[in-house]
Structures are given as structure tokens and as C-alpha cells.
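Dropping a structure here in C-alpha cells format, bear with me for questions.
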């Protein structure tokens, strides 16, 4: 029993210290020895009753609950404080990094903005440079146009003086005689009859010239709505002036034109051009200004509702007149509204290679314009290949009057009409060709001519007369050229 002894010894020592402890020893009912240890209360003089004890216990429990609640509240506040301290610690640790990241983002945005500003600055500098170049080009163009204007003024003055001399009778008049047939026609034996040169040279022998020129009155010709338009007989063709050159192979043959009676919104300066190499010719290039035409910058491209044939098209009173592909139909296409206004078959006209000019190219139907109006040049089986002329109504395309010549169409290279007279070109490739025949619709007579005509580029596929400018327009082997003319007094 060492433990019991130690316990009793401790209690005894504690009792001695307190001087109020009592130890009793007695046997219980079963005979077992019991030790009872009593200690006097330091505060209570007597023991409370049972009810008072319970009340005291409850008070103690309440105090304990309150203390426990205070303890839990304190613990909660401590946890909150610990959380706040932890968050503050994290913020302090992450603060410099976040600030640095924000500064880097701001710096990146500023750099991007600077790059955009620099790019805009470069674009502005490039635009300014382009404007300076355009200004220089415009100044150069202005200078060139001024020089051209001065040259035109000089030529106009020279032409006026020439007209004055002609009116005074200082220029010898052309005489039509049998000797007007070119000397080259008497040298046919020098050529191989199978060569192209011989075929072209034959054109100079096809027509028998009249023995003399008959002086016709103006009343014998189709009348112009403007009265006397300054008509006369062709006596001289100048050197070709090259305006521009086609860019692609489709421009080896072609037709270009200006409207001698322009209708709004077009002007005398508006130019149209068609490249005619190909099987589906529909594009018509339109140039509002002469400078655009010279530089090759069209202001509009028309796409025709049906393809055209060859180089016989013309523009007159705001409409494009052309031959429909592989047909004898002439079509009037109004350029401003881009609509077909009229179609008309030319009775009996050959087409698609039946009666072309000597160079070929399906030039069976050739439209022309002069001071008196719209014409069509063609041939028929009944005419046995001779050139037939018909005056057309420009609105309805009805044939108003027809003339049949005795000039074989396939023996000449091209034809045009001035003041009601048909003129033909002897060769499309010879550098020194001639205007070799003239047919007068006023008298129904024809005669031979020897007016020199230059094929500078040796392949003239189109020759037309512009009555407003009094010039020939031609397409010579990719090149668009003009010729000045001189007409005698009627």
C-alpha cells in the first residue's frame, strides 16, 4: 500500500499546514478499514443546504458559459486578426511585384502608342511625297499642254494663212486624168502575183478613173444640218502623229474615236478605245480627258451586251454604233444609259470574211461619220464585191439612201467619208501608200487619186474621219495616230 501511505502522508502534511485538517480511521459495516480526511472551509462557517448548493453550481455553470463564450469570441477575434495580419503580410510581399507589372503594362501601352504615331507620321510623309510628285507631274503636264497649245495656235495660224492663200487661188487645183493612176500600177509585172504586195497593188488598177473632174454643186450631196460645214475635196494628208501605243497583244488591231457631235455628259475631249484582237470583243474603254487617254487611265469600262466584229465602230451623238459579231446587224448602243437603242440588219451585206478590206480582219461592215451624218460601207453578192454606201438614220438605223460604186472592196485597205465623198487607202502596210480613189455621192462618179498616205508602223487596221476635228484617226500596228488634212474649196 505504498500509494495509500503516501497519500495519507501528504494529507497529513497539508493538514498540519492548514491546522484544520482531521484524519479519522474506522471500520465500515463490512469490516473494511476507512480513512476519512476533513478540512474546514476557509470562507463558510457552516455547510450550505442542498438548494443553495445547486444554485451555487448553476452560478458557476453560468459563469463558466460566459467565460467560455468570451473565450470563443476572443478566439474568433484572434483568428480574424491573424487573417488580417496574414493578408497584410501577403500584400506587403506582393506589393512591389504588382506595381512593377502595372508599370510594365503602362510602358507597353505607351510604346504601342508611340509606334502607331510613328507609323502615322511615316504614312503622312509618304503621302506628302506622293503629293509633291503629283504636283511635279501636273506642273510638267501643264507645261506640256501649254507648249502643245502654243503649237496648235501656230498650226492654226498657219492653216488660216493656207486657207487664205487657197481662197485667193494660189494653190493649184487637183486634176483628175487617166494619168492619175499611180505609176506603181504599171509595174505589176515586177511582182509575184501570189504575194500580198501584189494583192494590195491590184487596188490601184481596179477602178477606171474619169477623164476629168466634174464640178458638182453642193446640192448634189447629202446635206448637213449645220449648213455649210467647210467641206471640200481632200488634197493633202499630213504626217502621222502618234498619241499612244496599246499595251498588250490584243491591241495590235483596234479602233479609237471621239464624238463629232458629243451629247451630255460627254465632251469633244471624251475618247473611246476598243482592242479588237480576240473572239469575244466586249470591252469599250472610256477616257473623260485627253490626258487620261494619253496616259492610259480609263475613267470607265463599258461591257457590251453582245460582242462586236472588227474595227468598224464609230461614236456619234452619244451612241456607239458597231457590227454585231458574225452577223450583218448594226447596233446602236447608248453610252450614257448603257442600253441598246436600235438594231438593224443591212440587207444582203457580206459579213465575217465575205467582203473584207485587203488586210482581212472581218472588216466586211465599216461604219463612218462625216459632216452629213452616219454611213455604212459594205458589199453584197449583187454588187459582186464592189463597195456599197448607205446613209443611215442615226436613231432608227433605217437605210435612207444607197449608192453602189465600182471599186472592189477587197482591193483597198480601208475607206472613210468626207463631205459625202468616199476615199479609199491603197495599202495597209506599204510605208508610202496613197489615197487612191474617191467616189462622189453627189454625182455618182469616181476617179483615181494619188494623195500620199503614210503607214508609219506598216499595219493600218482602221482609218476614220472626224468631221469636228477635221482629222483622220488611225490604228497602225498597236499605235493610235492622227493625220492632219487639207481640203480644197468647193
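Here, residue 1 is simply the first one shown, and the rest follow in order.
Cβ from N, Cα, C; glycine included.
Since the structure is predicted, the reported quantities are computational estimates derived from the model, not experimental observations.
Straight out of Swiss-Prot:
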type	residues	note
CARBOHYD	43	N-linked glycosylation site
COILED	52-169	coiled coil
COMPBIAS	146-157	compositional bias 'Basic and acidic residues'
DOMAIN	230-489	domain 'Olfactomedin-like'
BINDING	366, 414, 415, 463, 464	Ca(2+) binding site
Which chain neighbours of the Ca(2+) site, leaving out 366, 414, 415, 463, 464, have a Cβ atom within 8 Å of the mean position of the site's Cβ atoms?
312, 357, 368, 377, 416, 425, 462
Write out how many residues of the compositional bias 'Basic and acidic residues' (146-157) are helix, how many strand and how many coil, based on DSSP.
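Per DSSP, the residues of the compositional bias 'Basic and acidic residues' (146-157) fall into 12 helix, 0 strand, 0 coil.
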Within 10 angstroms of the C-beta of residue 366 (Ca(2+) binding site), what count of other C-beta atoms is obtained when all protein chains are considered?
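Excluding its own Cβ, the number within 10 Å is 26.
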Please give the average pLDDT for the coiled coil (52-169) in this predicted model.
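It averages 75.
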What same-chain residues, at least 6 away in sequence, bring their CB to under 8 Å of the CB of residue 463 (Ca(2+) binding site)?
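Counting only residues 6 or more apart in sequence, the Cβ neighbours of residue 463 (Ca(2+) binding site) under 8 Å are 414, 415, 416, 425, 472, 473, 474.
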